[in-house]
């Protein structure tokens, strides 16, 4: 009578005996922390949930029930937390745990499939095969493949390079095709040194500048080099050309222009006209005597006449001002008597002595009172103080006798 047990992972199957039993799990043939199950008349031993081990002998409490119970660098397998990087990556590869997941990479200086094997990296492999286009050169710079066009070629080196040009029409309007490159049509030496170069149909067209003469492909010379090379009607030499300094509206409307020393235009208004000769001249008016104002500061100008009757500007100080109207006027001391002391009077915007201005009579006395002169005859005199005052005669002693008046001697 033999017993046969089969262990499948943590599951133990008891095949039993050759004779049947009513309860194959009683008594339990399993170890500690296990559960015995009857399957098709056979005892099956399994570890209790959260345990691991040999259910025929002993099952111990597990570290985890799921991966979330383990640190981020481990996973839960058979209730145990194991290194997530254990035998996950290829040869020479590096494994970095990241949130319970192994991340395989080739270390610096290596290349390949990190899940199978990494091998030493040769930078030149970046250019073999070349990632560049046609007519290009591939170079490894700082472990990066760099594409560039071959000499004499242009374009996008990643897709392909070509000649810059095959004909003039491949170049801009100011260029031509030379040796498969676009070159400027007008360069130094194409035309005469002072000539102008213009492009027409990718070809140079040379012309002498205005005011110069000659062959534009060899030499252009000026009309003049000094003023004395020019005729009387165009006496000035400007930029190699003879010109009339008074031409082209240098002076204003109705103005006269004359040339001074062959080069300088002098503008002036004709006689009996006035204005700005560089802008416009107009008939002279009386009001023009005061434009611009010839008077001094704080003075007013009015058209007038001199002693001969000739029209002249007349300068006067503004009201309230005194001084030389031709030079400068200053504000006066006063505008009325109240601006002066009681014994002075405001005359011509200056305070003057009231009695100095008075015209009292001969022998009269002047006394100022409220800016007015009071003329009186002094004691012992009599008369009209505005005309004259005379002494009052002294009394003379006299006696009347027989109806006649006799003066008595002192």
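Any Cβ shown, glycine's included, is placed from N, Cα and C.
The disulfide bond annotation in TrEMBL covers 85-95. The Cβ of residue 85 (disulfide bond) has 73, 95, 96, 97, 102 as same-chain neighbours under 8 Å, each 6 or more residues away in sequence.
The domain 'EGF-like' annotation in TrEMBL covers 21-60 (among others).
What TrEMBL records for 82-119 (among others) is domain 'EGF-like'. Mean pLDDT for the domain 'EGF-like' (82-119) in the predicted structure: 90.
Marked as domain 'EGF-like' by TrEMBL: 123-162 (among others). The list of residues near the domain 'EGF-like' (123-162) in space but at least 6 beyond its ends in sequence, with Cβ under 8 angstroms from a Cβ of it, reads 111, 179-181.
According to TrEMBL, the feature domain 'EGF-like' maps to 286-330 (among others). DSSP assignment over the domain 'EGF-like' (286-330) gives 5 helix, 22 strand, 18 coil.
The signal peptide annotation in TrEMBL covers 1-20.
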Within the domain 'EGF-like' (21-60), how many residues are helix, strand or coil going by DSSP?
-> 0 helix, 20 strand, 20 coil
Short question: which residues 6 or more past the ends of the domain 'EGF-like' (82-119) have a Cβ under 8 Å from it?
-> 67, 70, 72-75, 125
